[in-house]
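> Please find one structure pasted underneath; my questions will follow.
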Amino acid sequence: AGAGAQKDRVVTEEEWLQKWETGNIGFHKEHGHPLLQKHLDVLLNGRSGLRIFFPLCGKAVEMKWLLDMGHSVVGVEVSEQALKEFFAEHSLPYCEEPVPGILGAKKLQSTSGNISLYCCSIYDLSSSVVGKFDAVWDRGALVAVNPRDRQRYVSLMITLMEKNSSYLLVTVSYDPNKHKGPPFYVPESEIKSLFG
Ligand code: SAH
């Protein structure tokens with residue numbers, strides 16, 4: 001069995017939207033993730049003024065941390081509610097605009113301009129829309145992607161990375177026969193083959 005136990009599991013966008021609507025968001029960390037604090041130096045690598053990407057961002061408070069350090073942040077999330085809650089909870093004024101080239105997508109951008117959150121599926125993005133990034137914080141993203149979409153997700157992430165970018169990935173380790181996920185169990189060997 002192993003990780004194969006979860007390989008056909010699918011969580012639809014509708015199900016994710018419903019989690020947000022019903023407040024079933026146990027994945028959200030109100031005080032941010034301790035592993036970002038711990039490994040911040042790896043992500044930043046002594047650089048300042050970075051463009052940092054948050055795939056499947058939810059309303060992660062780590063976005064605010066990095067903004068406050070002077071970086072700029074781009075996130076993508078299917079739930080507009082999540083994005084609006086982010087701006088509201090941090091008292092950040094923002095405006096909304098459609099995204100040329102992505103039907104139905106919206107960009108919510110802070111008035112200050114240093115954070116842009118795209119409301120659409122990650123699979124609708126490309127570097128021609130969002131550009132490339134110096135750093136990626138992947139927590140609750142690779143492990144939230146449906147197992148059958150992992151390679152597509154990682155290949156896309158690679159196209160969004162600048163040459164010297166850093167990628168900080170948080171995974172979870174548990175027996176995939178005992179829980180159906182998400183978060184899904186992604187073994188280290190698979191991570192190595194996904195990123196090549
Ligand atoms: N990274 C965040 C949220 C993790 S939960 C955190 O650390 O708190 C995963 C999030 O991905 C959910 O908010 C869900 O709505 C969103 N999501 C799921 N599939 C998506 C997709 N295809 N594109 C963009 N967002 C997606």
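Here the Cβ of each residue, glycine as well, is placed from N, Cα and C on the backbone.
Quick paste from TrEMBL:
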type    : residues                             : note
BINDING : 16-27, LEU56, GLU77, 121-122, ARG139 : S-adenosyl-L-methionine binding site
> Quick one: among the binding-site residues ILE25, LEU56, which has the most Cβ atoms sitting within 10 Å of its own Cβ?
LEU56
> If you count the other Cβ atoms within 10 Å of each Cβ, which of the binding-site residues THR22, ILE122 comes out on top?
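Top count of Cβ atoms within 10 Å goes to ILE122.
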> What residues, ordered by sequence, lie under 8 A Cβ-to-Cβ from LYS19 (S-adenosyl-L-methionine binding site) and sit at least six positions away in the same chain?
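In sequence order, the residues whose Cβ lies under 8 Å from that of LYS19 (S-adenosyl-L-methionine binding site) (at least 6 apart) are ILE25.
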> Can you check what DSSP calls LEU56 (S-adenosyl-L-methionine binding site), collapsed to helix, strand or coil?
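Going by the DSSP assignment, LEU56 (S-adenosyl-L-methionine binding site) belongs to neither helix nor strand, so it counts as coil.
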> Around TRP16 (S-adenosyl-L-methionine binding site), how many other CB atoms lie within 10 A of its CB?
20
